[in-house]
Amino acid sequence: MTPRTGTEDGHVPVPADPRHHVADPRARLRAAGLRVTAPRQAVLGVLGEHPHSTAEAVASAVRSRLGSVSTQAVYDVLAACVDAGLVRRIEPAGSAARYETRTGDNHHHVVCRSCGATADVDCVVGEPPCLTPSDAGGFVVDEAEVVFWGTCPSCHAARVGLAGPTTARRPVTQHESHHHEERRT
């Protein structure tokens, strides 16, 4: 992995997981039956580069690309993309909803209790949903979401007093995304 410069708080960004990359937003929007608009393309682009982002973070990044775009417009785009299966909404307990473009596979998430960093965790075995309840109470289960909670490598290093920024290790598969604008208190 190429070394990266640490951020102000000592966390080191990790290269984006290619499974979140949106190669051709226009084609994906068309294939999903959605009109191709600049805000929709921008939202998919932002989420491809910054998976596990909150709607507010997406709105800020979209504004930096397009100029004036309302927060409501971004929420509308996110809702349309979720409904079309282009974007997945995850809601870790006690945290704002987050969005990602990695959909249609069998993965879960690990969340840092200190900073809110969120990373993908591939399901180890089975077909979706990888967890089957012993009694679904008549429900037809089509998805199971597991959220693992812990401390990311950067927060752990800071907690135990290790000096300087750390390089994120990969105890889980692929992408780790730090969302320090939403630190837990």
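Any Cβ shown, glycine's included, is placed from N, Cα and C.
Note that TrEMBL annotation is computational and uncurated.
Feature list (source: TrEMBL):
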BINDING   C112, C115, C152, C155  Zn(2+) binding site
BINDING   E127  Fe cation binding site
COMPBIAS  173-185  compositional bias 'Basic and acidic residues'
REGION    1-22  region 'Disordered'
REGION    166-185  region 'Disordered'
Query raised in the report: CB neighbours of C155 (Zn(2+) binding site) within 10 A?
Result: 23
Requested in this report: Mind checking which of C115, C152 has the fewest other CB atoms within 10 A of its CB? They're the binding-site residues.
Outcome: C115
Report task. Sort C115 (Zn(2+) binding site) into helix, strand or coil using the DSSP assignment. Result -> coil
Query raised in the report: Can you check what DSSP calls C152 (Zn(2+) binding site), collapsed to helix, strand or coil?
Result: coil
